[in-house]
């Protein structure tokens, strides 16, 4: 809920129309529960804002403190067993989730202790009907909140990387943008999502635009050749090279059979060059 006592809702603007393909699936509903609703304002900007205007996405941002019952609107308390910091109270979170979650909800709790969020998880979330994000603060949310929620819905504790933030809000911005851009109709060119880094398990290669020469640096000639077969192969080779040098762990996780004979030749050459 907002500070006024009602959720900050975003719904389609008058006149916004969905194409036939877009209207075949209901909009993705996203709710975020936080003690800092203003932190989530970027969710209504740029690409996400256009998705809201076109009815591809529904968004509610709720102030956790609206479910408190004391004059101080306290949401945290000292941890059992001692230790630094404060823990977010189960009572207030329980009531908030009872009100916001529904029959088709998937609850997502950003936490450094969660499983790693990646492109595969983003695609998984993009197929959901209702995502609810619980933004923790301090030393996190009382674990019983997630245990209780798991009795009636799917609960994911997820991490966006091996580092610690002061709260879950920044992680929500990252996750929501990664998910929403995969919804049908959100990107002007759906091929963009198909060719993104990680979409085929590899990093995307370099991109170029006009002018042809800038500060003495020229666009690779193959990209100006008009030969689409050669361009596709060049992009594939560059993708393999970038992945080999920057994220070799991704190559180790590729499904068997995903690399053709030319791919293997490129990787073999890269390994020889690295050994020289």
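Each Cβ is built from the backbone N, Cα and C atoms, and glycine gets one as well.
Some features that TrEMBL has for this protein:
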type	residues	note
BINDING	136, 160, 161, 162, 163, 164, 165	S-adenosyl-L-methionine binding site
COMPBIAS	1-15	compositional bias 'Low complexity'
DOMAIN	28-252	domain 'tRNA methyltransferase TRMD/TRM10-type'
REGION	1-24	region 'Disordered'
Pairwise C-alpha maximum, in angstrom, for the residues (136, 160, 161, 162, 163, 164, 165) that bind S-adenosyl-L-methionine according to the record: 17
PLDDT averaged over the residues of the domain 'tRNA methyltransferase TRMD/TRM10-type' (28-252): 95
Fewest other Cβ within 10 angstroms of its own Cβ, chosen from the binding-site residues 160, 164, 165: 164
Sparsest-packed among the binding-site residues, when each Cβ's other Cβ atoms within 10 Å are tallied, from 136, 161: 161
Proximal but sequence-remote residues of the same chain as residue 163 (S-adenosyl-L-methionine binding site) (Cβ under 8 Å, at least 6 apart): 112
Neighbour tally for residue 162 (S-adenosyl-L-methionine binding site), based on other Cβ positions within 10 Å of its Cβ: 7
